[in-house]
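Student: Below you will find the structure I want to go over with you.
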């Protein structure tokens with residue numbers, strides 16, 4: 001049968017056409033966006049180049065590499081390296097002016113990447129038809145560009161692998177020589193980039209800002225909610241510290257303040273954390289500050305050309321140093337064909353380091369476009385603005401609470417104390433803000449001293465330094481005096497012991513501990529002593545032994561809670577140690593910029609010493625604060641400073657190796673930053689539980705977490721010494737053996753004979769009874785259910801024996817002549833038989849409580865109750881000789897009738913099982 005498939009073909013054709021159109025749409029759009037220019041190369045040949053796509057490498061900001069000695073003013077210096085398939089092209093573009101009357105020039109273009117020259121070329125601008133440079137005159141404004149194709153040999157030095165590394169480290173430099181004198185009269189340098197960078201201030205900076213705001217709010221509400229001041233302090237101490245958040249991000253940014261040659265990847269990474277240190281500004285703000293710092297220079301162009309023409313007709317100066325206005329001469333419109341690319345750079349702000357280099361703090365600040373001379377003034381402006389913002393927000397929060405309570409939208413009375421003590425909270429918040437900004441302001445103040453700049457900024461830096469050093473330091477000293485003024489001081493000899501220890505219970509380590517502290521510890525562990533250093537210990541004795549602890553003293557918390565609130569009861573004075581630590585760091589970082597070796601090595605050794613002291617003190621009460629401030633932040637500082645030694649200029653480290661080390665620092669700091677952000681987010685949950693601490697009903701999934709959190713807080717607040725760890729004993733080796741769990745005895749006809757005719761059990765009887773076919777008397781109560789198998793003439797034995805019959809049997813057996821022989825094994829067998837029988841008689845019935853039973857946990861008791869209900873009881877202990885004698889004495893004191901009834905009750909109601917663990921043989 002024929003089927004017409006033409007409609008299907010038509011549909012298929014339409015679909016194919018649609019798919020083809022969609023596939024070609026991006027290409028068509030790309031064709032529309034393309035911009036092909038034609039320019040001369042250095043061989044007077046016209047070359048074509050599409051300048052619309054972003055090149056593999058392109059230039060950014062540029063500056064005069066003769067430090068103002070160039071006789072040109074350039075407003076545009078763009079260099080690009082295009083690579084596509086096998087085509088490689090260099091493109092450069094110049095716009096500017098010169099004051100040279102007339103000169104024939106030679107140009108030298110070079111590109112350096114990771115410390116090595118990868119491309120260089122000297123050419124005659126006349127061969128590239130650069131009419132404004134051939135020859136150069138002061139009447140014509142410079143406007144030139146060239147398109148230079150490269151061969152495979154010429155690009156052999158270009159590092160293709162490094163094209164994908166973020167923050168490509170390199171620069172392009174053009175040098176201009178006067179042919180008449182063969183001297184360099186112009187030099188301009190531009191930083192090169194591959195478009196990939198870790199500088200993501202919009203994304204990372206904004207994210208960090210949101211988490212910082214969350215940490216501030218979660219910490220603030222724990223300090224203002226509540227009625228009991230000690231209780232409020234406890235919840236505040238366990239919230240995530242805003243001081244630690246800012247210290248972390250300030251440490252990351254000021255890692256770049258050391259006077260070393262940083263790889264490009266590090267300043268780009270640090271620029272994401274510039275704002276917590278007050279290092280962010282717009283161009284207008286920088287320009288307004290520069291008028292105060294004396295750094296007033298036009299940034300619309302770069303160069304050293306003057307504005308007054310000089311013509312003295314003589315020598316080298318006569319030939320090329322004639323001066324003219326930078327904007328003089330005819331100004332033709334720039335080439336319209338060159339307006340399509342948007343990747344070009346702009347002149348650097350005056351005072352910045354040379355493009356393509358990142359030396360010390362100036363190199364770090366260059367990533368955020370802040371001149372070093374204006375860093376202190378800018379930070380001071382933002383600090384004052386932060387003080388005002390804190391005041392406004394706290395007052396606004398108070399009036400917001402008043403409105404909510406007035407309109408009965410907020411029914412809790414937990415904020416009443418805050419509302420009635422607004423002035424005290426404002427003072428504490430402002431002092432806490434100064435405490436957080438202590439490191440940044442002192443560091444930048446001392447950096448301003450080292451710049452030896454104008455008198456105005458230096459004088460302000462002196463005032464600010466004294467305010468922070470004397471003001472905050474004096475308040476810290478007064479806080480210690482206020483708490484310790486009622487007491488006596490004495491000295492006592494002591495020593496620091498360096499002993500063997502284990503880090504994480506496995507890694508060998510050397511620990512330092514005071515001898516007095518060692519004596520107070522309740523431990524029997526003997527450690528190897530390596531050395532002992534004698535010291536003198538200062539002992540403080542309070543006049544009032546019953547004085548409230550520092551965290552229960554409401555008056556001290558009101559005055560100095562902003563200093564000591566987050567620290568343990570026994571480490572409340574840690575704020576003084578912390579201020580001293582931050583001041584020494586500020587001296588190294590801000591004051592040691594002119595001595596790189598002393599700065600870096602001194603800071604590294606200081607961070608190592610501080611690391612051990614901080615770990616030894618472990619001052620923070622909250623666990624999250626301890627994890628970050630004591631461990632992670634201290635370790636990160638040591639690693640960063642130690643790795644920074646490799647970047648010292650005197651060591652001339654290979655730049656690719658420097659980049660690799662820089663990436664390690666980025667990983668360490670990124671991990672730390674992520675942990676801080678996560679803990680700041682968790683702080684929201686902990687603060688929520690603190691705010692809801694007075695609610696009796698709580699969200700079901702968080703009930704247990706809430707209880708554990710409050711118990712943990714109380715335990716940390718008490719700050720009691722940890723109990724001594726139990727000694728770890730090696731488990732004893734178990735010798736080979738066996739256990740007898742169930743011994744049963746089957747009924748026999750001979751059991752009805754007279755007691756005197758019963759044969760004594762022979763030695764080894766128990767061992768045989770454990771085999772097949774031999775059974776004990778233990779479970780004879782169950783034999784009555786199988787009595788039908790006995791012959792009719794036989795009489796079934798009684799189901800149980802009385803204690804009187806047992807006693808008679810033992811007496812008769814011991815008085816027989818054949819038993820008087822000194823057979824040790826036979827006597828031992830008899831005693832064991834007697835002990836076994838006594839054990840059976842002494843077995844308690846289910847549910848009784850007698851001294852002969854081992855105490856049990858509730859779980860074990862419930863298990864045994866289950867077994868008793870099923871009619872099976874298993875004894876977990878084996879009777880000893882002492883237990884047997886005690887039981888015999890007890891039985892002798894009881895009446896014979898009661899003994900008989902008790903024995904019959906035991907045998908009839910239980911099925912006792914006798915257990916015995918032995919190594920070679922068992923006797924029942």
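Yeah, the Cβs are placed from backbone N, Cα and C, and that goes for glycine too.
Keep in mind that this is a model prediction, so the values were computed, not measured.
Sharing the record's features from TrEMBL:
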COMPBIAS  773-789  compositional bias 'Low complexity'
COMPBIAS  820-836  compositional bias 'Low complexity'
COMPBIAS  869-883  compositional bias 'Polar residues'
COMPBIAS  887-903  compositional bias 'Basic and acidic residues'
DOMAIN    55-199  domain 'ML-like'
SIGNAL    1-29  signal peptide
TRANSMEM  208-228  transmembrane segment
TRANSMEM  240-262  transmembrane segment
TRANSMEM  375-401  transmembrane segment
TRANSMEM  422-447  transmembrane segment
TRANSMEM  459-481  transmembrane segment
TRANSMEM  572-591  transmembrane segment
TRANSMEM  597-615  transmembrane segment
TRANSMEM  627-649  transmembrane segment
TRANSMEM  661-685  transmembrane segment
Student: Do the transmembrane segment (597-615) and the transmembrane segment (661-685) share at least 3 Cβ pairs closer than 8 Å, excluding pairs fewer than 6 residues apart in sequence?
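Tutor: When sequence-distant Cβ pairs are counted, the transmembrane segment (661-685) does not touch the transmembrane segment (597-615), since fewer than 3 lie under 8 Å.
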Student: Is the transmembrane segment (422-447) in contact with the transmembrane segment (240-262), using at least 3 Cβ pairs under 8 Å (sequence separation of 6 or more) as the test?
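Tutor: Between the transmembrane segment (240-262) and the transmembrane segment (422-447), contact is present.
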Student: Give the nonlocal contacts of the transmembrane segment (572-591) in its own chain as ranges (CB under 8 Å, at least six residues past its ends).
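Tutor: Contacts with the transmembrane segment (572-591): 254, 257-258, 435, 438-439, 442-447, 449-450, 469, 472-473, 476-477, 479-480, 483, 550-551, 563-564, 599, 602-603, 606, 610, 613-614, 617, 619.
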Student: Would the transmembrane segment (661-685) and the transmembrane segment (208-228) count as touching if the test is at least 3 Cβ pairs under 8 Å, pairs 6 or more apart?
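Tutor: These two segments touch.
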Student: In the same chain, which residue numbers or ranges, 6 or more beyond the ends of the transmembrane segment (375-401), come under 8 angstroms Cβ to Cβ?
Tutor: 277-281, 285-286, 289, 292-293, 361, 365, 410, 415, 418-419, 422, 425-426, 429-430, 433, 437, 440-441, 444-445, 447-448, 457, 460-461, 464
Student: What counts of helix, strand and coil residues does DSSP assign across the domain 'ML-like' (55-199)?
Tutor: 4 helix, 84 strand, 57 coil
Student: Excluding the flanking five residues on each side, which residues at least 6 beyond the ends of the transmembrane segment (627-649) place their CB within less than 8 Å of a CB in that stretch?
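Tutor: Non-local partners: 241, 244, 247-248, 251, 255, 258, 260-263, 359, 596-597, 600-601, 603-604, 607-608, 610-611, 614-615, 618-620, 657-658, 661, 664-665, 668-669, 672, 675-676, 679.
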Student: Going along the chain, which residues at least six beyond the ends of the transmembrane segment (459-481) come within the CB cut-off of under 8 Å?
Tutor: 376-377, 380, 431, 434-435, 437-438, 441-442, 444-446, 448-449, 559-560, 563-564, 573, 575-576, 579, 583
Student: Over the domain 'ML-like' (55-199), what is the model's average pLDDT?
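Tutor: A mean pLDDT of 88 is what the predicted model shows over the domain 'ML-like' (55-199).
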